[in-house]
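Enquirer: Input: one structure, supplied below.
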Amino acid sequence: MGFTEKQEALVNASYEAFKQNLPGNSVLFYSFILEKAPAAKGMFSFLKDSDGVPQNNPSLQAHAEKVFGLVRDSAAQLRATGVVVLADASLGSVHVQKGVLDPHFVVVKEALLKTLKEAAGATWSDEVSNAWEVAYDGLSAAIKKAMS
């Protein structure tokens, strides 16, 4: 069964919850990443020279919004066509340049889900989590393909 209209709606609703507190949720997202993979700090220009995760950093917030937005867009693509195609072909080369490996995708996925769970609060469910996981997996597969 393909990605459903309901799954897309769940992703869209929780994405809006995430954006309601973009500064706080961005810090939370990168805190979760660094908690699991401290060495990943050097992969992000806005983190590599900072102590911990900087508060109110426009670059950090823009990158978090881009990551979550790409996953949300992937949900829309999966619903419409059943496949994720990168709108920005340079995503593969950027990830190669930064030294991103398969385990990094797992860390980011876990951080994304934990952040969304915090943002969504009582509306979070296994169904919401599953919708985001499917969309994220579609996006990560497209990025990995572009990396090879």
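Keep in mind that glycine also has a Cβ here, set from the backbone N, Cα and C atoms.
According to Swiss-Prot, the protein carries these features:
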type	residues	note
DOMAIN	2-148	domain 'Globin'
MOD_RES	Y30	nitrated tyrosine
MOD_RES	S45	phosphoserine
BINDING	S45, K66, H95, K98	heme b binding site
BINDING	H63	O2 binding site
MOD_RES	Y136	nitrated tyrosine
Enquirer: Hey, which of the binding-site residues K66, H95, K98 is the loneliest by Cβ count within 10 Å?
Expert: K66
Enquirer: If you count the other Cβ atoms within 10 Å of each Cβ, which of the modified residues Y30, Y136 comes out on top?
Expert: Y30
Enquirer: Please give me the CB contact count at 10 A for H63 (O2 binding site), counting all chains in the structure.
Expert: 18
Enquirer: State the Cα to Cα distance, in Å, between S45 (phosphoserine) and K98 (heme b binding site), rounded to an integer.
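Expert: Rounded to a whole number, the Cα-Cα distance is 10 Å.
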Enquirer: S45 (phosphoserine) has how many other Cβ neighbours within 10 Å of its own Cβ?
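Expert: Cβ-Cβ neighbours of S45 (phosphoserine) within 10 Å number 11.
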Enquirer: Using DSSP and collapsing to three states, where does H95 (heme b binding site) fall: helix, strand or coil?
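Expert: DSSP assigns H95 (heme b binding site) to helix.
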